[in-house]
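Going by TrEMBL, these are the annotated features:
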- 21-46: transmembrane segment (TRANSMEM)
- 66-85: transmembrane segment (TRANSMEM)
- 106-127: transmembrane segment (TRANSMEM)
- 147-167: transmembrane segment (TRANSMEM)
- 179-200: transmembrane segment (TRANSMEM)
- 206-226: transmembrane segment (TRANSMEM)
- 277-298: transmembrane segment (TRANSMEM)
Amino acid sequence: MTDKFKNYVDNIQENNIKSLIISPLIVLVIAQILSIFLEMASFFITTFTSRIMYNPTDYDTLISGTSFPSLVVYTLLLLAIIFLVKQNSNIKFSEIGVNGEKGIEYFCYGSLIGAFIVMIIFYLLYFSNSILFEINKNIVYTDIFRIFLIFFILALADQILVRNYLLTFFTKMMGIRNSVILISTLLFLICFSVAKWFKIPDIETVIYLINIFLSYTLFSLIYYFYGNMWLLVGLSAFNNFFQVVVFGSRLDTVYAINPLIKLKIIEKYSLLNGGNYGFEAGIYYTTLYLSGILFMIYKITSEKQAEEDIWLN
């Protein structure tokens, strides 16, 4: 199963540290800075326009990360990432796995897995008395569609930048193991700087950051094994969508104004439910990610052992 990813790596003609390590790192930094700049620009433009037109600004919606301005920001960010990757690599996107091969099939698989994961976490939290909830009767369905688009675009941008580009190029220079660790560490540090500006974090933040590291490790291993981007786009998009829109959890700073379920977090169980960071900062997700990583390592090593046995025979 790892042959697809190995082919993507072999398609890369560059063999110097500038093209394989430094340029991808620069693209990652520019993408993060651009993301912050676009969000700030969106906030100021929306506020300024509202004042000119004498319309009150709904700040709660604006800062939720699920508003229409957020959709515009994330779309521009996706286009910027595509442009940056194209400008900094002499390779076709299809040669590093950005293609539609079995796209619908793998997207559906990933979507089912992502939704199933969140449902399991939700029921674990409910039966451990970590959350309370009630059904929301004031649902705006256009909001649901918009938020799904947001999570789809974010998942696609993350996949193209982190795994199709960074992971593939890094692996060409330093191998898959070191590449996975480096990428997970980089994203961990970026989230650490955003979450706490490198101040000493509390226990909720520590678990949240650990889960960030574990999630990127797991997703990288999945992509290495299956070599299909749409599996991870579906998994990520529906995992986030079900957390935020269906079950009303926060996703760090992102939340839905009218989720299908109105959630109440029990503060004394914040280690389980993730507190202000949402489900994905709880130890249930930590256990899930660790289990997934061990399972993928088992599948990868089993395949390598089978290949060695075939070669020896």
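Backbone N, Cα and C atoms are what each Cβ position is placed from, and that goes for glycine too.
Unlike curated entries, TrEMBL annotations are predicted automatically.
Comparison of 21-46, 66-85, 106-127, 147-167, 277-298 by number of C-beta pairs under 8 angstroms to the transmembrane segment (206-226) places 277-298 first. Counting only same-chain residues 6+ beyond the ends of the transmembrane segment (21-46), those with a CB under 8 A from a CB of the stretch are 57, 62-63, 69-70, 72-73, 76-77, 80-81, 84-85, 88-89, 161, 165-166, 169-170, 173-174, 186, 190. Between the transmembrane segment (66-85) and the listed ranges 106-127, 147-167, 277-298, the one holding the most Cβ pairs under 8 Å is 147-167.
Below 8 angstroms of C-beta separation, residues 117-118, 121-122, 124-125, 130, 204-205, 207-208, 210-211, 214-215, 217-218, 221-222, 225, 243-244, 247, 249-252, 255, 270-271 of the same chain, each at least six residues beyond the ends of the transmembrane segment (277-298), sit close to that stretch.
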